[in-house]
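A.B. asks: Quick paste from Swiss-Prot:
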BINDING   PHE12, SER13, GLY14, GLY15, GLN16, ASP17, SER18, THR19, THR20, CYS21, LEU22  ATP binding site
BINDING   CYS200, CYS215, CYS218, CYS221  Zn(2+) binding site
Amino acid sequence: MPSCDGNALVIFSGGQDSTTCLGWALNRFRTVATIGFHYGQRHDVEMQCRQDVLAAIGDVRPGWKAHLGTDTVVEMGLFRELGETALTHDVAIEMGRNGLPSTFVPGRNLMFLTAAAACAYRQGIRHLVLGVCETDFSGYPDCRDDAMKAMQVALNLGMESRFVVHTPLMWLTKAQTWDMARDEGGQDFVELVLERSHTCYKGVRDVRHPWGYGCGTCPACELRRAGWDAYVAGHAVHGEGR
């Protein structure tokens with residue numbers, strides 16, 4: 001049974017983090033809608049993966065299908081026009097002079113959250129959920145707790161609303177994110193995240209590792225692999241299976 005009285009909108013990309021957050025929300029809210037974005041990303045694979053996850057997640061736990069609401073996809077191609085990044089253009093993945101990786105898309109999460117709030121406003125939804133994290137992350141400033149708290153204030157002032165921005169992964173390591181998936185949906189949910197979610201910056205979907213699909217060498221794959229290895233090792237110490 002949901003533990004929160006209300007509906008939620010999850011910013012859902014089809015990646016590990018947002019998939020885990022979707023399961024978290026389905027356990028807590030009466031109806032959980034989703035929103036995704038075409039922002040000019042180089043690879044369409046993540047948009048296909050989000051559809052695969054949405055098609056399968058309702059069968060993970062009894063009741064999840066009944067709580068899953070509508071899905072909205074918004075076009076945000078302006079990010080390709082604003083400048084080159086490794087996620088929107090064919091450029092090398094490397095650290096920039098400002099200390100941020102070339103995969104950083106300036107303003108992306110801020111724009112996503114603003115668009116999600118506008119969508120939620122029209123649907124009478126108060127709770128916004130997204131999978132940003134300040135622990136195991138690439139250093140993106142728009143993933144930090146301070147940025148999310150500031151956005152909640154700005155959105156509530158600008159729309160005269162009482163939105164609550166939920167960031168369930170904010171202080172979790174990637175290993176703890178795998179633990180959350182197991183806690184929220186059991187081993188079936190862990191398997192769904194492994195098989196259907198997408199993380200790889202290079203869009204590789206034809207190479208399967210123990211931790212899922214990907215090139216295995218980009219920063220996103222390395223982080224996902226390290227988290228999975230720590231998760232498996234932690235459960236092995238306690239004599240548990242995956």
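Note that Cβ sites are derived from N, Cα and C of the backbone, with glycine treated the same way.
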A.B. asks: Residues with Cβ closer than 8 Å to the Cβ of GLY14 (ATP binding site), same chain and 6+ apart in sequence?
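C.D. replies: Looking at Cβ-Cβ distances below 8 Å from GLY14 (ATP binding site), excluding near sequence neighbours, one finds GLY36, GLU46, MET47, GLN48, CYS49, ARG50, GLN51, ASP52, VAL53, ARG196, SER197, HIS198.
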A.B. asks: Provide, as an integer number of angstrom, the distance between the C-alpha atoms of CYS200 (Zn(2+) binding site) and GLN16 (ATP binding site).
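C.D. replies: On Cα coordinates alone, these residues lie 10 Å apart.
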A.B. asks: Which is it, of LEU22, CYS200, CYS215, CYS218, CYS221: the one of these binding-site residues whose Cβ has the most other Cβ atoms within 10 Å?
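C.D. replies: Result for the most crowded candidate: LEU22.
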A.B. asks: Rounded to a whole angstrom, what is the C-alpha distance between LEU22 (ATP binding site) and CYS221 (Zn(2+) binding site)?
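C.D. replies: LEU22 (ATP binding site) and CYS221 (Zn(2+) binding site) have their Cα atoms 21 Å apart.
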A.B. asks: Compare the C-alpha of PHE12 (ATP binding site) with the C-alpha of each of the binding-site residues CYS215, CYS218, CYS221, and give the closest one.
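C.D. replies: Comparing Cα positions, the candidate nearest PHE12 (ATP binding site) turns out to be CYS221.
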A.B. asks: Centre the Cβ atoms of PHE12, SER13, GLY14, GLY15, GLN16, ASP17, SER18, THR19, THR20, CYS21, LEU22, go out 8 Å, and tell me which other residues of that chain have a Cβ in range of the ATP site.
C.D. replies: VAL10, ARG50, VAL53, GLY131, SER197
A.B. asks: If the Zn(2+) site is taken as the center of the Cβ atoms of CYS200, CYS215, CYS218, CYS221, which further residues of that chain fall within 8 Å of it by their Cβ?
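C.D. replies: Other same-chain residues near the Zn(2+) site: THR199, TYR201, LYS202, VAL204, GLY214, GLY216, THR217, PRO219, ALA220, GLU222.
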A.B. asks: At the level of the C-alpha atoms, what whole-angstrom distance separates SER18 (ATP binding site) and CYS221 (Zn(2+) binding site)?
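C.D. replies: That comes out at 16 Å between the alpha carbons.
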A.B. asks: Rank aside, I only need the closest one: which of the binding-site residues CYS215, CYS218, CYS221 has its C-alpha nearest to that of THR20 (ATP binding site)?
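C.D. replies: Going through CYS215, CYS218, CYS221 one by one, the closest to THR20 (ATP binding site) is CYS221.
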A.B. asks: Between GLN16, SER18, THR20, which of the binding-site residues has the fewest other CB atoms within 10 angstroms in the structure shown?
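C.D. replies: If we count Cβ atoms within 10 Å for the binding-site residues GLN16, SER18, THR20, the smallest count is at SER18.
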